[in-house]
Amino acid sequence: MVAYGAQRSPAWLVLEDGRVIEGVSFGAKGEQIGRLVFNTACVGYQQMLTDPDSLGQIVVQAFPCIGNYGVNGEDFESPGATVHGLLVREWCEAPSNFRMSGDIGGFMKEQGIVGMCGIDTRALVRAIRDGGEQRCLLTTERPADLAAAVAKIKGENITDGITKTTCDKMESIATENDGPRLAVLDLGCKRSFLDSLRAAGFALTVCPAGTKAQALAGLEAEGVVLSSGPEFGVEPGAYAKQLEEIYKLGLPILAVGLGHVLLGAALGGKVGALTHGHRGANIPVTDLRSGRTVITSQNHGLILESVGAGEVSHRNLSDGSCEGVRYPNAMSVAFIPAYERGHMNTGDIFRAYRTMVKKEEK
Amino acid sequence: MPLRDDIKKVLVIGSGPIVIGQAAEFDYAGTQACRALKSEGLQVVLCNSNPATIMTDKAMADKIYIEPLNLEVIKRIIEIEKPDSVLSNLGGQTGLTLSMQLAKEGFLAKHGMKLLGSKPETIDKAEDRQIFKDTMEKIGQPCIPSKVVNTVEDALAFAEEIGYPVIIRPAFTMGGSGGGIAENVDELHEIALNGLRLSPITQVLVEKCISGWKEIEFEVIRDRKGNAITVCSMENIDPVGVHTGDSIVVAPALSLSPREFGMLRTAALEIVEELDVEGGCNCQFALHPDSMEYAVIEVNPRVSRSSALASKATGYPIAKVAAKIAIGYTLDEIVNAVTGTTYACFEPAIDYVVLKFPKWPFDKFVYAKRRLGTQMKATGEVMSIGSSFEQAIMKAVRSIELGMDTLKLKKLREKSDDEIVQQLHECDDERIFVVYEALGRGISFDTIFDITKIDRLFLGKLKNLSDMEKALQSEPLTDALYLDAKRLGFLDSTIERLSSQKVAHPRRAVYKMVDTCAAEFKAQTPYFYSTFDEQNEAAEFIENHKTGKKKILVFGSGPIRIGQGIEFDYCSVHCVWALKEQGCEAVIINNNPETVSTDFDTADRLYFDPLTPEDVDAILEVERPDGVVVQFGGQTAIKLAKYLDQKGVNIIGTGYDSIDAAEDRERFDELLAACGIPRPAGHTVFTEGEALTAAQDLGYPVLMRPSYVLGGQNMIIAHNDKDIVEYMAVITAHNSLENPVLIDKYLMGTEVEVDAICDGKDFLIPGIMEHIERAGVHSGDSISVYPAQNLSEKTRQTIIDYTGKLALALNVRGLVNVQYVVYQDEVYVIEVNPRSSRTVPYISKVTGVPMVDIATRIMLGQSLLEQGYGKGLYKEAEYVAVKVPVFSFEKLHDLDTHLGPEMKSTGEVLGIAHSLEEALYKGLAAAGYNMKRTGGVLITVRDTDKQEVIPIAAKFDGMGFDIYATEGTAHELNRHMVAASVVRKIEEGEPNIMTLFDEGKIDYVISTSAKGRKPARHSVQMRRKAVERSVACFTSLDTANAMANSLKKRHSLGDIELVDICSI
């Protein structure tokens, strides 16, 4: 970001509480309203910008250099951008990586993501940490009237994010070695999670979020997966009946991310919200059974404060919150596991689920 | 799980003297470990031969043995102290190798001792090249095509197979010792031969050279439950081919996308899992720049230089956590002291960029090869923290003390574009500046990348800096341009210099906190770095932690270099401790990641920033201290004195005026005259002509040096006019002549050194030190003996008298170091330094006089007498202490090992006993001499030494050594009845001196030259050969004599007295 003086154009962030922060615009021009959150990961911005989980968020990146490796055609978590805005200290205008096809500024322009740089991101992170994830307005047009801007924020039209990010129709994906078939309820599923399931040896039928238990039953699947998805505009109770019925089908269930919260709500648990979400790649989760702690990637603000019929299986080591639940025929985790052959990260979740599925087979 | 209750008394083995490749980082790690162990209520027995360390301080351990780090000695200590366990992985390679030997010999089992830290199987899997390969293969981790060999023939054969170039990596050596890149058969032959010899198990790995791939490191930590986290990722700006210790490193890795990052991170975790590491581990990978192909380069399952860097970069205390893991805690049980609410089992998140920049000794050693490769050459490093890569590298450049404030190296300006491109091929300490120059000339990224393989991402960022320099030079200095320049790391003085415009509205830096979690959790770490924003977390912190105490700022000593090493950090840290004890708030500023001073636990606040006036200004503004301390940070802190004084900052302790009086030749001469103290005659000159006149006036030989130096930098003895001309050229190449050159008559007498503490009224001398080597060898390179052995009572009294007069005349409040030469029964002053010196740590320990503590209290207003140590000369200790310097000559190719007025040693060891001979023996043994009593001695000395060497040769002869000598020397020896065989000089054809070396016939060399220095000279070549063959080479007759005396006494490590200094 060496452009200075007249070459830059400004952008503004208006917070719900009336504070205004001015910075430099990059990416697309325009105006967006969203929920202000911070993320502490130092890599992974392209995934984050296209992750359905990020829908409705205006994200502050704690790491000061964003965009170093550009963007490429492979790291999309969904076909298009989901974030409503990106705030960074500096974006990289001369990135370098063998896979890259462009830089982040160009990408955001294409995707219509409004960005702001040249700000003290750490100060903003502290504000969010202490004050919570407010809603805000990010704009490249000087807000003439602060009160009006705040009113706009408060009047934001929030619709259920799941309906915006789920697929339109069912789609079957085979696996190479004829593994068990799972029905995946697409609550805003990210591509990499589907990749993990396939790598773990499952064949998949991806179903729209509204698919009822009866329809799922007809698929002759050996298990059901409740994917992650956006928390934006989602009323956990709204999915309780549908998920309860799916649970009653008796098929082993794996729920991750948002799926974990919705399943919990459906099975008698109580949903709560963190002051500021777990959003980063360094979050320690302890498996209570084995006693081992692994580092996970997360992007959620909702948690299960109590788990009804289930038993807490994983806890966040830093704040003690529930990160996983075991039910008689289901397992859920708040983080997004990634399949790997080794045991050092979260691959074991898939192996545990596979065992559950196999048991049912018998 | 609570810690194991079967561990009550732990033996910690330290890393010994500072050498290139194994340095201050182990004092930092060792200190953290000792503290962690003691905080758990354990008893700590420590063994470390290096007296300059903080870890060998009484506060750190219950029993401290400053003894040779040798298997026999350790075994004896174990038998005396009966510890129940030994901690292996915090003493560098030295500690590790010794622990493993004890384990493998069954000694530990026999004594019912547990091995804590790294297990032998883990170490073998990492260090034994063959087992390492097999292990990696087993877990599917790719390695570079390589083969483990034990003979040169096998090495050559394999190289034929995989093709050149190849890299040689010897097993179980340190800092890449004995290794190197071979481009052809001849080079491979030489390197392999040397590597096999240096490896304790005669094993080297021959590996395909993949220089040019990205070099990525991960610092991992794992516990016995299998919980593992990566603390930090690091990317070497210099790709594979340059040792990580010699590379510019950025944390976190910046050029990796999540795919590569995740791949390597997982690989690191899987490796430590397979190795069953319990503690810290460093994993190094090579990553192909254009694909996902990678290979594991090496794994070090112990605390290291990288882990010190990672700890300081993230705020996560790796050594402390590793020590706790060693005694049984798991990561999810160890609380993260930074946040207070989270645990050690989480990966730090960073919201800034960290840069590490090495410090090389090439500004001193102008004839040494500067080429960087697989053998480390840096003596130290700096770290910098910034909000961007550009800001971080600019801070690093001014922290490294090369006199640069941007990456523009002046001497490159004259070169043509073609010459610059050519020079890009030279991989040496200046390459990054050549790259910067090339970018400024508009040479394409592709060209630069093709030659250097430095990633285009970094080239882009360096170009941003270069573009900003140009913008400042050509555009009007608007507020916007100014702010951008500040954010890129430009100082106001630089901006004004480049733009020739005054800065209208100077902007002050603010401070951000290093908190391990990117602000996700509230933390109260008092650890800050500067940047340009509005929010100032240091100001907030100070506001929230008002204590009402007196606040004192202490300046650290910057990067470790020859002449200014860990001893100064010892003093800074002790000063901080003393201040806190006296009820003050102590704040420290320093930029060295390897030291204890930059552990945020040490002072009440730590600022990790460059030590330039502007950087210091901003800190002074936010802290508003009641006083500052400049006398414990070596020359780095002293250089700030003038500036601080002009600003009216309260320097507590000896003031700027006194410092100037000691350094300014004219003023100093006046002072001496007023005190009635003689000095060797001398002149101040500015040109070659003046120098020649002065030298002829004084009469040769003369001593030449630039003023305001440390470690005798560029100090030389000139014997004739030709020397003067040659040396003036060298000196003026490195110093702008605002500071003149001093030329003094060289008096060949006994050197005596004194450290004194003064409060302006009284003075105390803890002890008088005598050097074994006569004047002409820098004090840092001399063997120093306390108490002085050969001084007459009259001389002693004169020295005490002169010291007192000087201290009072200079108005010293605190410490002062005086160096004398005793010549023909007269005492002359050579130099006075009104600050702490290199000898303070060891003298404090041996005499029991806590010098820095006393000095600090004086600085706070207490009188000397109030403190109860008396005045004048302190009573002599019951022990004799011999400090022996340690050199890293095998790392610095083409450097002449001949000792002289310019300091060359990198570290020191101590020998302490009731008698001089025993102390000397221990010191020499600790320094690494193998103390052989039989074999061959090669003697070749200059004419002026030919008579004096005779009795020394006679001593060796008397012990049964075979004496070899070159013609002139042999002739004299034989004439005086010392049997010597004549051997041909190098230029006289074979067989000659070199043949004797190759045949392994030489165990000691006594070599003195009138000239030397230049690599082409045969005398220099011969001394280099001695280094290569690890043969002890004495370049001063005094040292040779001391060795002969010591050998005659027939001491052995089995019967020498072992001393616990805690009992002194």
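Along the chain as shown, residues are numbered 1 onward.
Glycine residues also receive a Cβ, built from the backbone N, Cα and C atoms like all the rest.
Heads up, TrEMBL stuff is auto-annotated, nobody curated it.
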Out of B:Arg667, B:Arg705, B:Arg933, which is the one TrEMBL records at the ATP 2 site of B:Lys745, B:Leu747, B:Glu751, B:Gly776, B:Val777, B:His778, B:Ser779, B:Gln819, B:Glu831?
B:Arg705
Look at each of the binding-site residues, B:Arg129, B:Lys208, B:His778, and point out the one with the fewest other Cβ atoms around it within 10 Å.
B:Lys208
What are the helix, strand and coil residue counts for the region 'Allosteric domain' (B:929-1064) according to DSSP?
57 helix, 21 strand, 58 coil
Looking only at B:Arg705, B:Lys745, B:Leu747, B:Glu751, B:Gly776, B:Val777, B:His778, B:Ser779, B:Gln819, B:Glu831, which the record lists for ATP 2, tell me the maximum pairwise CA distance in angstrom.
18
B:Gly776 (ATP 2 binding site), DSSP three-state class -> coil
Rounded to the nearest Å, what's the C-alpha distance separating B:Val242 (ATP 1 binding site) and B:Glu298 (Mg(2+) 1 binding site)? Just drop the number here, would you?
14
Hey, which of the binding-site residues B:Gln284, B:Asn300 is the loneliest by Cβ count within 10 Å?
B:Gln284
Which binding-site residues are spatial neighbours of B:Gln284 (ATP 1 binding site) here, meaning Cα within 10 Å, out of B:Glu298, B:Asn300, B:Arg705, B:Leu747, B:Glu831, B:Asn833?
B:Glu298, B:Asn300
Near the Cβ of B:Arg705 (ATP 2 binding site), how many other Cβ atoms are there if near means within 10 Å?
21
I need the least crowded one of these binding-site residues (B:Val242, B:Leu747), counting other C-beta atoms within 10 angstroms of each C-beta.
B:Leu747
Helix, strand or coil by DSSP: which one applies to B:Arg705 (ATP 2 binding site)?
strand
Closest to B:His778 (ATP 2 binding site): which of the binding-site residues B:Lys208, B:Glu298, B:Asn833, going by Cα position?
B:Asn833
Based on Cβ atoms within 10 Å, give me the single least packed residue among the binding-site residues B:Glu215, B:Gly776, B:Gln819, B:Glu831, B:Asn833.
B:Glu831
Looking only at the region 'Carboxyphosphate synthetic domain' (B:1-401), what is the model's average confidence as pLDDT?
92
Cβ neighbours within the same chain of B:Glu298 (Mg(2+) 1 binding site) - under 8 Å, at least six residues apart
B:Ala126, B:Phe132, B:Arg169, B:Gln284
